[in-house]
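So the structure is just underneath, and the comments pick up after that.
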Amino acid sequence: MESYVNDRFGGVKPKNSSEEALRRWRKLCSVVKNPKRRFRFTANLSKRSEAETMKRTNQEKLRIAVLVSKAALQFMHGVKVYSEYVVPDEVEAAGFQIGADELGSIVEGHDVKKLKMHGGVEGIADKLSTSTTNGLTATEDALRRRQEVYGANRFTASKVQSFWVFVWEALQDTTLVILAVCAVVSLIVGIAMEGWPKGAHDGLGIVASILLVVFVTATSDYRQSLQFKDLDREKKKISMQVTRNGFRQKISIYDLLPGDIAHLSIGDQVPADGLFISGFSLLINESSLTGESEPVYVNAENPFLLSGTKVQDGSCKMLVTTVGMRTQWGKLMATLSEGGDDETPLQVKLNGVATVIGKIGLFFAVVTFAVLAQGVMSWKYHEGLLLSWSGDDALQMLEYFAIAVTIVVVAVPEGLPLAVTLSLAFAMKKMMNDKALVRNLAACETMGSATAICSDKTGTLTTNHMTVVKACICGNVKDVSSSEGTISLCSQIPDFALKTLLQSIFNNTGGEVVINQDGKLEILGTPTEIALLEFGLSLGGNFQAQRQETKLIKVEPFNSAKKRMVVVLQLPEGEYHVHCKGASELILAACDKFIDPSGNVLPLDRAAVNHFKDIIESFASESLRTLCLAYIEIGNAFLAKEQIPVEGYTCIGIVGIKDPVRPGVKESVAVCKSAGITVRMVTGDNINTAKAIARECGILTDEGVAIEGPEFREKSLEELLQLIPKIQVMARSSPLDKHNLVQHLRTRFNDVVAVTGDGTNDAPALHEADIGLAMGIAGTEVAKESADVIILDDNFSTIVTVAKWGRSVYVNIQKFVQFQLTVNVVALVVNFSSACLTGTAPLTAVQLLWVNMIMDTLGALALATEPPQDDLMERSPVGRTGKFITNMMWRNIFGQAFYQFIIMWYLQTQGKGLFKLEGPGADPTLNTIMFNSFVFCQVFNEISSREMEKIDVFKGMLQNYVFVCVLTSTIIFQVIIVQFLGDFANTTPLTGLQWFLSVFIGFVGMPIAAVIKLVPVGS
């Protein structure tokens, strides 16, 4: 079956599946009882096509807008523009001078003419009653009034469906509809023949069973939908820096309003439409909105920023103009949200299993009905009554038809693919509590198969709380972890060198030192920037004074490809300096001079280079991150469009930044190793720092290889095939190195690879990996959007928790499949063989519906929501080629099914003698004992299914409240059905001894299951 399902349903990947593959498997699902329910958690392909059409339209709109804007610029050059705009009354009454529609048309239409007409960016800011320096005046009343005029920055999301919608969808099951029709006919014929209420018992029994199935199913589905809604809400928790009331502060992007001053940096997603105020080297990727891959430079000449686009490089301050559903991104997101998530490979595979078994069940149902009907027809033929039909005959045929339909209900395991969704929803909710936010449903199950993890160092293996603890300035190496060390360093640095150092620290930074609302100094920026700025302040520097003293001419922000940040400054005397900082070896290689202890600038000879290299190695061997700071004087003229020099720098000094290893990482790495998962560190840091941290974490062993990115790039394919299995650390790696390593591991070594990333340049590797893990704290929005799971606490231990939950999902679904296929096989074979050999079916329609509910909805609830056991991480990973329905599962299924079938057959043939049943009540009593024994076989088999290979199935059972509740409610309902609902369920009350024997027959299945598990099977 596995190969059959793989051939037909194996085309869907964990992510980035083609539309053709998604459409193909849907067509192959021929036996579907309830399409609305079966395909609820699958992608809406028509809505996706709509979104793609919208993207193409946006691309064309923007292309035309840019052309018109260029023409307008040429036409307007030197021409005075007069405003003909009339402010709407409601806008003016609220205290503003420009309406939402006008703002939307300016930015979305790239309308330079209108922008100039309104006085440019400053003019728009005035009309929005805001300041490009201090931002909005954020009183509650003012914000509410602004929101009433311009709207909120929220997209129209699909509404939460009510419980009754799920009831209605559950009622659309074809087999249940047919059974309902049978019930109505049974009611009419029964009442006509036997009167009320006796004649209504059979019909009402079926109706009650249908309603019970429908309400239990709807309740389960409704709870799942609420869980997914909660997760969607978590995914949307994005905050950003804005200036309000003159203070920098973090707010949710959903609280942004027109007039807000937003601060954007590399890797951010533009949260609303807006206008560029100021910034450097701002490169915007508009592909998410328009499909156009070529990035666009945004500056004072082209100041238009569109919501949903990404900052590929640079940074800026932006005036928010249009929000929410007034933006093209808002409309696109509303359509995309209806497109839904891709179905997971496991969902698709189990749809395939359900289809195969459904076809078999349909065949058995038809044959069963034919055999039962043939018995009646044959009897009537021999009696010469073929053309004479009584109400009893009609009811008999109707009951046989209902049994055949109910066999289809039981045989088509509709719950299989839905159990995947149930298990994933449960796991995702629990993982949220464990600080992991799943963005892509398939990532849960894929993570369970992971064989390799490529992890960042900074912030993932380390705490990301950085401090400068050592510094070499002007040749003086000092421990600066205490104030005494800093004071000592200050006293030894010449004034000229100290001034240059502070100039470099406070100007060449992506961070800021601001006064917060409490009147205290607050440092904003990445942990590295914060560490350097704290160091600068401890040296007696003043951030604001330094920034006011010089003028920033050009900025090249840091990214992981260049591994450096560079700024061009104009000093008060008019002279231009370039300041550069970054990876120590790279910056040192760009230097040809250095400042000596006396403050003299000397040539950087071989001895000096070796001295600095020794210092870098000494810092790195202490697990310190090293950064080199350098500068160059470039005379009295520099234009922003000129290239920044790449050599000829003067080395100011080297700093060593301490970033301690996170507690628990070493243990987590050991857990991964015992689970058969190889952990590799891929970092942009110095190789010695990387090796020291990797040894501390337990990643680098004596047999392992540590390699630098440039060396890795130069290797031939043959060398890489020999080298990659041994690589444990890759230092000074570029994003492309990480991407290539992941690609080789996946394609050449067939590994299932999880990759962590936080920067914009990590997006290709996150996209390429089987599971992309983005950092929730340090990660950029671009990285998070490319990821499948967001690690909310940036902790490696959380990644191990995700792997454990992934394995738990996979194993839980295997348990449920084993349990459900056992019930399928027995119910089919018992009813079919009985119909063929005795002309009667021991299990009635009502009883089969109850069995269906035990094995489908209740079984899924009990087995698919088991929490992960610690021993999961002691097994080998499934990998890419592992079977889902294993030989071990087939052994358990057929072993248990054989026992149950033998018992049922024995009871049917020898039961009357065994229980000493005589008289007219013998048959109903025997059928009730068979039904009761069959149900208790499933109850105990459910307990046995908790472990597929271990004998001890009780471990942790009482801690799983869902399992205990399902089991308890099943037993209580069974007692009620047998003892009190006889007329409706075709049962008769049983004696104490009969109850004991029924339960005992079920219980014996457990030791038999234990014995079966001892039978060895091949892999």
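Using the three backbone atoms N, Cα and C, a Cβ is placed for every residue, glycine included.
Heads up, TrEMBL stuff is auto-annotated, nobody curated it.
The annotation domain 'Cation-transporting P-type ATPase N-terminal' is assigned in TrEMBL to 115-191. Annotation source TrEMBL lists transmembrane segment at 176-193, 199-219, 360-381, 401-427, 889-907, 961-981, 993-1015.
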Which residues, given as numbers and ranges, are at least 6 beyond the ends of the transmembrane segment (401-427) yet have a Cβ under 8 Å from it?
31-34, 37-38, 40-41, 173, 175-176, 178-179, 182-183, 186, 206, 220-221, 224, 227-228, 231, 344, 346-348, 350-351, 353-354, 357-358, 360-362, 364-366, 368-369, 372, 438, 441, 444-445, 805-806, 808-809, 812-813, 816-817, 820-821, 823-824, 827-828, 831-832, 835, 841, 843-845, 848-849, 851-852, 855-857, 859-861, 863-865
Take the transmembrane segment (889-907) and find every residue of the same chain, 6 or more past its ends, with a Cβ under 8 Å from one of its Cβ atoms.
814, 817-818, 821-822, 825-826, 829-830, 833, 842, 914, 926, 929-930, 933-934, 937, 941, 944-945, 948, 1001, 1004-1005, 1008-1009, 1012-1013, 1015, 1017
Per-residue pLDDT averaged over the domain 'Cation-transporting P-type ATPase N-terminal' (115-191), given as an integer:
83
Where else in the chain does the transmembrane segment (961-981) make close Cβ contacts, counting only residues six or more beyond its ends and a cut-off under 8 Å?
205, 850, 854, 858-859, 861-863, 865-866, 928, 931-932, 935-936, 939, 942-943, 946, 987, 989-990
Same-chain Cβ contacts of the transmembrane segment (199-219) under 8 Å, 6 or more residues past its ends?
37, 163, 166-167, 169-171, 176, 179-180, 182-187, 189-193, 395, 399, 402, 845-846, 849-850, 852-853, 856-858, 981, 983-986
Going by DSSP assignments with H, G and I as helix and E and B as strand, what are the residue counts for the domain 'Cation-transporting P-type ATPase N-terminal' (115-191)?
48 helix, 3 strand, 26 coil
